[in-house]
Amino acid sequence: VHLTGDEKSAVAALWGKVNVEEVGGEALGRLLVVYPWTQRFFESFGALSSPDAVMGNPKVKAHGKKVLGAFSDGLAHLDNLKGTFAQLSELHCDKLHVDPENFRLLGNVLVCVLARNFGKEFTPLLQAAFQKVVAGVATALAHKYH
């Protein structure tokens, strides 16, 4: 991912304020509500029958935290996203058979959640930088599929 020095600084500064557990749970929950076909990968999570059930599901929240933990690792290694996400790419491709388009969808949902949580602080320039990052992460996660 190519970010300018200013973009890297802005992304890092905002990410330092992110509550990974809260934002991760909301982002994954919204993915499952907005794109319900993604729920098939989470059948073991129990109740996903309504938006309230999804958003209140402790397994969704826990996995969302785990996902954003991995995203945090990516932010620390922006110059080597493919290497950083190689094992996760292999897992999601070979064992879980996740459609790689879902990575792009989750990235876009994450950007929406960040905008909702940070309001005016999440400027259009910061959004543009985060869009580059989530696109890079999605590409890295889809790498094993190619």
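For all residues, glycine too, the Cβ spot is worked out from N, Cα and C.
Annotated features in Swiss-Prot:
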BINDING   His63, His92  heme b binding site
DOMAIN    2-146  domain 'Globin'
MOD_RES   Ser50  phosphoserine
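Across the domain 'Globin' (2-146), DSSP helix (H, G, I), strand (E, B) and coil residues number 120 helix, 0 strand, 25 coil. When pLDDT is averaged over the domain 'Globin' (2-146), the result is 88.
If you take the C-beta of His63 (heme b binding site) and look for same-chain residues 6 or more apart in sequence within under 8 angstroms, you find Gly24, Leu28, Phe42, Phe45.
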